Amino acid sequence: MRSGKLVLAAGFLVLSIFVFILSLQLPPTRNGVPGPATWPVLVSIVMFISAISLGVKEFFKSNETVIKIIGKDQIRVYISMTALFAYLVSMMLIGFSVSTFIMLYGFITWLGNYKWHFRVICALVITTIVYCVFHFVLKVPFRFGILF
Amino acid sequence: MLVEALNLVLQPSVLLFIILGVAGGMCIGCLPGLTTTMGVALVLPLTFGMDATQSILLLIGVYVGAVYGGSMSAILLNTPGTPASAATALDGYQMAKRGEAGRALGIATTSSFLGGVISCIFLILISPVLAKFALKFSAPEFFMLAMFGLCIISSISGKSMLIGLLSGTFGILIATIGIDDITGSMRFTFNNMNLFSGISFIPVMIGLFAMSQAFVGIEDIFVKSQTTKKLSHVFPKREDWGLIVKNSIGFGSLGAFVGSIPGVGADIASFIAYGQAKSMSKHPEKFGTGLPEAISAPEAANNGVTGGALIPMLTLGVPGDAVAAIMIGALTVQGLQPGPLLFQNDAPVVYAIFIGLLLANICMLVLGLNSVRLFTKVLSVPKQILVPIIFLLCFVGSYALANNVFDVIVMLVFGVIGYFFHKLEVSASPAILGLILGPMAESNFRRALLMARGDYLTFLSTGICWTFFVLILVSLLWPFAQKQWLKRKHA
């Protein structure tokens with residue numbers, strides 16, 4: 001956990017410096033009236049100080065609890081994240097309904113242990129319900145992709 | 001006013017949405033791994049096409065139902081459906097093991113109902129007075145209020161105040177993206193058109209609260225729950241009623257008070273109530289062995305929070321907890337701005353919320369006492385099907401906000417960030433509160449300085465400002481004082 005917190009502190013430290021530098025390019029404060037840069041600069045300074053304090057506090061901490069980041073269970077999460085980014089791309093290229101059916105069928109097959117016809121019915125029913133509720137009832141247009 | 005509000009609430013469609021909301025919330029709440037915040041975030045996109053009253057009352061229904069629903073799995077499986085029910089599991093499961101699951105559920109249901117009603121009374125009595133007082137606020141007071149909200153949330157939510165501050169400032173910085181309202185300058189947009197109007201906080205909330213939880217669900221997808229206990233009749237015994245009423249009045253009020261403090265949610269309220277009930281008990285040593293008062297106290301308190309959390313949200317525009325933050329989103333989508341002016345400009349909607357909260361609690365009582373067996377069937381829905389459905393709802397929900405794929409990308413990115421926040425024990429609530437309160441704080445900060453011609457002492461120019469200043473100091477110093485006190489106690 002200690003190394004994780006150090007990485008977290010470093011991440012926020014970099015973000016605060018980045019925001020601070022970008023803010024300097026914005027119009028400055030005039031006649032005591034704050035410009036668009038004042039607020040982000042103030043917030044980035046608070047973030048910088050907090051990140052440094054967290055880093056120092058964690059650096060001198062002795063107890064180390066382990067955060068599971070590359071275990072079997074976590075790899076399953078990273079695969080899911082990648083699959084969802086792929087689903088987003090395929091949704092725009094192929095279309096909402098077909099991509100959603102494939103995504104649901106894929107996940108249920110991968111995570112569960114069901115017979116193929118149950119998986120097909122399940123994916124089909126969920127896709128149809130969600131499509132009908134959002135498209136016909138809530139009037140959300142799903143107009144993208146070459147199919148539907 | 002009351003007649004107008006009743007006209008709004010007593011429409012069949014609104015009543016139906018309240019019932020559906022409570023039933024849906026109970027289903028979400030009783031499923032371990034699905035939190036109240038996640039449930040409300042998932043239902044939010046469904047409200048975009050509704051009018052303001054239908055929308056907010058559906059969400060209130062889900063909120064009330066989910067906070068109560070967590071007690072079902074806590075009692076039957078020893079696995080709290082939501083963090084707010086963790087205290088209930090301590091004695092509830094012991095009663096279920098003794099074959100008194102029905103009695104325990106009956107106590108939980110009636111206590112939750114009475115706690116909810118008490119909080120509703122608090123909301124009705126306090127909100128108009130507070131809103132009237134808040135009308136005296138000008139830019140410096142609103143800035144100090146926003147800062148107080150951010151400071152208290154950063155110091156209370158999560159395990160570390162520093163991490164809370166980092167999470168809160170992260171949210172504030174995200175809120176600065178887009179065209180500056182006062183000067184029209186582009187801030188951090190990188191010439192990306194999608195960023196010109198800033199990042200909408202609804203996809204961020206869906207990502208941080210729903211998508212990230214679904215990723216956590218993937219992580220422990222093969223963890224099996226224990227079997228459900230058999231249920232006898234779900235109604236409290238005659239000897240339990242005195243205890244239920246006594247506890248509900250006391251701990252429901254405590255829950256309402258705790259809920260009104262920004263950043264303190266139902267989970268903290270229920271543990272405070274459990275601790276108080278134990279210290280007040282004639283036989284504290286029996287706590288944890290299945291005592292009715294140990295179920296009644298936390299359940300009254302956690303449902304007491306529901307009304308309490310709405311007090312700062314409706315009167316000041318400062319959310320009491322993450323669910324109230326989502327409700328601010330729902331009201332904003334409907335063109336309503338929570339805060340003191342809401343009571344002047346849209347009073348019927350405010351009173352409809354009061355009545356709706358009361359009806360949601362009645363609905364929860366009726367469904368809880370009559371259909372608990374039906375709701376426990378939800379516990380058998382496999383995670384392998386549930387998690388992909390949540391993925392899909394997150395995608396469609398964030399797209400439905402503005403029919404914009406960019407919002408889906410934002411949701412997905414924040415889902416990933418939320419997952420790592422979870423792993424590193426970073427509370428996402430301060431980030432959301434930063435995102436909501438950041439623009440309020442900045443615009444009032446700049447307006448106050450404009451009015452005072454750059455004099456920073458304007459932020460300490462009135463008694464209200466000084467009060468908030470003291471409260472900010474207390475909220476920031478409180479964790480250190482608490483640590484010192486605990487150190488001395490253990491020494």
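Including glycine, each Cβ sits where the backbone N, Cα and C put it.
Curation plays no part in TrEMBL annotations; they are all automatic predictions.
Taken from TrEMBL as is:
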type	residues	note
TRANSMEM	B:15-44	transmembrane segment
DOMAIN	B:15-433	domain 'DUF112'
TRANSMEM	B:56-77	transmembrane segment
TRANSMEM	B:104-126	transmembrane segment
TRANSMEM	B:133-156	transmembrane segment
TRANSMEM	B:195-216	transmembrane segment
TRANSMEM	B:249-274	transmembrane segment
TRANSMEM	B:349-372	transmembrane segment
TRANSMEM	B:384-402	transmembrane segment
TRANSMEM	B:457-481	transmembrane segment
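Among residues of the same chain six or more beyond the transmembrane segment (B:384-402), those with a C-beta under 8 A of the stretch's C-beta atoms are 31, 34, 38, 41-42, 44-46, 48, 200, 202-203, 206-207, 210-211, 213-214, 217-218, 221, 333, 408, 410-411, 415. Counting same-chain residues at least six beyond the ends of the transmembrane segment (B:104-126), those with a Cβ under 8 angstroms from any Cβ of the stretch are 64, 67-68, 71-72, 75-76, 88, 91-92, 95-96, 231, 233-237, 240, 244-245, 247-249, 251-253, 255-257, 259-260, 290, 292, 295-297, 299-308, 310-311, 314, 354, 357-358, 360-362, 364-365, 368-369, 372. Listed as Cβ neighbours of the transmembrane segment (B:56-77) (distance under 8 Å, sequence separation of 6 or more from its ends, same chain) are residues 9, 14, 17-32, 35-36, 39-40, 43-44, 46-47, 50, 83-86, 88-89, 92-93, 95-96, 101, 104-105, 108-109, 112, 116, 225-226, 228-229, 231, 266, 295, 299, 302-303, 305-306, 323, 326-327, 330-331, 334, 349, 352-353, 356-357, 359-361, 363-364, 367-368, 372, 375-376, 379. Remote same-chain partners of the transmembrane segment (B:15-44), defined as residues 6 or more beyond its termini with a Cβ less than 8 Å from a stretch Cβ, comprise 9, 50, 54, 57-73, 77, 79-85, 202, 205-206, 209-210, 213, 216-217, 220, 225, 266, 322-323, 326-327, 329-330, 356, 359-360, 363-364, 367-368, 375-376, 378-379, 381, 383, 386, 390, 393-394, 397. Nonlocal intrachain contacts for the transmembrane segment (B:349-372), taken as residues 6+ away from its ends with a CB within less than 8 angstroms of a stretch CB, comprise 1-2, 4-6, 8-9, 14-15, 18-19, 21-23, 26, 52-53, 56-57, 60-61, 63-65, 68, 72, 105-106, 109-110, 112-113, 116-117, 120, 123-124, 127, 231, 234-235, 303, 306-307, 310, 314, 336, 342-343.
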